[in-house]
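Please read the structure below before turning to the comments.
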Ligand SMILES: Nc1ncnc2c1ncn2[C@@H]1O[C@H](COP(=O)(O)OP(=O)(O)O)[C@@H](O)[C@H]1O
Ligand SMILES: [Mg+2]
C-alpha cells in the first residue's frame, strides 16, 4: 500500500469547472501520493477528462486549485508539465507526421534547454544535449517496446502501439505524476494485460499514476485507491474492495437515474431498493472507510 | 510482421525469366522510334528562319529540334536498357516501361508543339518541310509501342557496388548536368515564348521519367551517402553559374532568383515548419530594404548617415525583427487564422505607410511613391560591386558580384533552416504545427516557440531585403504588395513555398525559381500571371498537394497508400489519426 507519511504529489482542492450553465466538475478534492496508482472511474460524461484538463492547465478551473508537491500550479499546460505532471489523451494526440523517436524527443522538451542560438551554432554543448536526449528517448522506447520502430512515422503505428507511444512521450518529461486518460480504450485483452504491467513498471520507477479507465477489472487489479466521479462530483473514494461493493457505484454504472446532485436521499433510495439482496459493506460503512483512508493520507 | 516483397505489378519476367517475344519486339520498336526521332532532327522542319531557332538547316539540329534530339536519344537508350543491353541496365533500377512512356510522350509533345507552333506562327501547314512531317509521324511511334508494353515497375534494384571515386564522379556529373539544364532554360530567348515552352515540356517529362526509372532515388541515395561532397558540388555549381552567362541579363535573372528563393526559404520556416500562415511576409522584406536604403547614404535618404554594408544589413535585420515581434507578440497568443489576417493587414499597412510618409500626408521619411533611389553601390574592402572584376581570367560584372553576395545570404539561410529545423526548437515547431494542444501539454511554450519562428522569419527577410535594396539601388512602395504581377509579393512567396514543398529546403528554392522564371520568359503570360498562378495552384492541390519536392512527412500524409517507410506495416485505417482534434 501507500506510504502515507510523505507529502502528496498531487493535491486538487475544490476543483470546479463550469461551461456556461453546465457544471462538468463540482468541487472535487483528490490527492495522489508518491508511489501510488489511483484510479478515477465514472460513467461517460461524468467529467473525468474535464477534471484531467483542469489538473493539466488545458482548462482554467472556475474554482479550486491544483498543487504539485505542495506548490500551487498556474493553469498553463507547459508549466504544469515543467513542474512534473505529464499526461496522455483519451483520443490519441500524437504528432502524427513525426517519427516515433521524434515524438519522444518532443516529450524531452522541458528537460532540455537548447535554444535557437545553440541550435544554429552547434557547439559541443548542443551535440551533447542532443545525444543525451536521443539516448534517453531510446531508453524509453526500449522500456515500452517500440525501439525497433523508432524511425517509423507515428501515424503508421497500430492503435495499441500509438497508445504506448503516448505513454513514452509523457514519460520523457521525467514526471513525478503521470495522468492516463483511458489508456486501454480500444485494446484487446492481451494488450490490456500488457498495459497493466506497463503501469506497474512505471510505478516501480517512482512515478505516481492517476488513471481514468472504464475497464473495471483493469482498475481494480491496478489501483491502490479508486475515486468515483458521477455527474461531476466525487461520489466515493477508497480501496478497490470498498468501491467495488458500494451500492451507489453499482447503481451509477447500471444507469439508475441520478437527478441533480447525487445526494444522500438518492443514495438512500438506491440503497433501500437493493437492501435485502446485497451483503457486503453498507454505503455508510464504505463512506466511513473512505474518509478514514483520506485522513490516513494526510 | 510479414514483409511482402512481391509487387503485384511486377511480372516474373522482370526478375530475369524469359521475356515474352512481343515485349522484346515492342522495346525494339521503341528504340527504333527514338532513333528515327533523332534522325528527323537532322532534317529541315521549315523553310524560313523566321521561326525562332532556325530549323531550316539539313545536317544539324537547331532550336527546338535539339529538345527532340535529346529526348529521342533518351528514349532510344532507355529502350535499349529495357532490352537488358549490357552496360545500360543501371539506367532503370525500378523498371523501364513507365520511364519509357514518359520519354516517348515528352518527345512526342515537344515535337508536335514545335510543328504546330510553326504552322500557327507562320500561318499554315505549308510552312512545314517534309522533315517536320516525318518528325511528327516518327515520334508518335514510341508513344504507341510504350503504351502497349507491360508495366515492369519493381522495387528499387540494388545497384552494383561502385568504387567511391566513381560515385563521387556521378554526383559531380549530376550537378554539371543540372547546371547545364538550368542554364539552358535561363538562356532561352525571352523575345519568343516557343523555345521556353518547349524547354518546360521537355524538362517536365524528362524529370518524371527519371523519377519513374528510379534514377532519382538512386541519386538521392548517393547524395545522402556523400553529404559533404554533395554540398561542395552544389556550392561549386552555384558559384560557377555567373561565369557561364554570356549576357548580363541572365546573371541578373540569377540574382533575382537567388533573392526570391532565399526569401521563400525564410518564409518556409514560418509556414512550413511552424505552420503559421504569414500573408504579409513581403512587408518584412520591405522593412529590411527601406531600413537599408535609409542608412545607405543615398542622396534621397532622409537620414544623413552612411553605414557600411554589414551594418546596413544588420540594421535591416534587426528592424525587421522588431517589427516581427511587434506584430507577432499580440497575435501569436491567439490560435488559428488570426495571424493570417493580421499579417495580411500588416502587409497593406506597410505599403500605405511607405506611400504616406512623404512629408505631406505624414512625416517626411520615405519620399512617398518616389521611393529612395540612388542607393550607392556596395563597396566591401575596396571591392566595388558596380565594377567588373576578373579572377584568373574569368570576368565578373556587377550582376555577377551581387549574385555571389546573394549566394552567401542563400547559404546562410539554408544553414539556418537546416540547423534550426533539426534541433529541439525545430521539433517544437513541427509539434506545434501538428497538434498545438498536445505540444503545450508536452511542455512546449507555444507562444514563445511560435514567436521565435515568426521573428526569425522576419529577420531573414529583413537581411535579404537589405541586400536587395543595394542590388536594385532603389526602393519603392509598390514592390511590396499582397498580390501583383511582379515578384516579390506575398502571394508569390507563399505560392513558391506551397508549390515547391512545405518544410523542405529544395522546395521553396525550386518553387521560387519556377515562379520567377516562367513569367519572365513567357511575357505573354504577364497579364494573366495571377490567373495562371491560381490555376497552377488548384491543379497542384488536386494532384500533388505535398508540392514538387515532397517532405517525407507530407508525402505520407497525402498519399496514405504510400507507406514508404514502413516496409511490412499492415493498413491501419481504424480512425487512429482521424479523431485527434476532437477533444482536449
Ligand atoms: N469544452 C467544453 N465545453 C462545454 N462542455 C464541455 C467541454 N468539455 C467537456 N464538456 C462537458 O462536460 C461533461 C464532462 O465531459 P468529460 O469530462 O469529457 O466526461 P468523461 O471524460 O468523464 O467521459 C460533458 O457533459 C461534456 O459535454
Ligand atoms: Mg473522457
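Glycine is treated like the rest: Cβ placed from N, Cα and C.
The stretch that TrEMBL tags with transmembrane segment, taken from the ranges B:228-245, B:372-389, is B:228-245. The range from B:451-471, B:535-555 that TrEMBL describes as transmembrane segment is residues B:451-471. Segment annotation: TrEMBL labels transmembrane segment over residues B:400-417 (candidates B:4-21, B:400-417). The transmembrane segment (B:228-245) makes no contact with the transmembrane segment (B:257-277): fewer than 3 of their CB pairs lie within 8 A, with pairs spaced 6 or more apart in sequence. Between the transmembrane segment (B:282-301) and the listed ranges B:67-88, B:100-120, B:132-150, B:451-471, B:491-518, the one holding the most Cβ pairs under 8 Å is B:451-471. Relative to the transmembrane segment (B:307-326), the listed stretch B:451-471 leads the set B:132-150, B:257-277, B:338-357, B:451-471 in CB pairs under 8 A.
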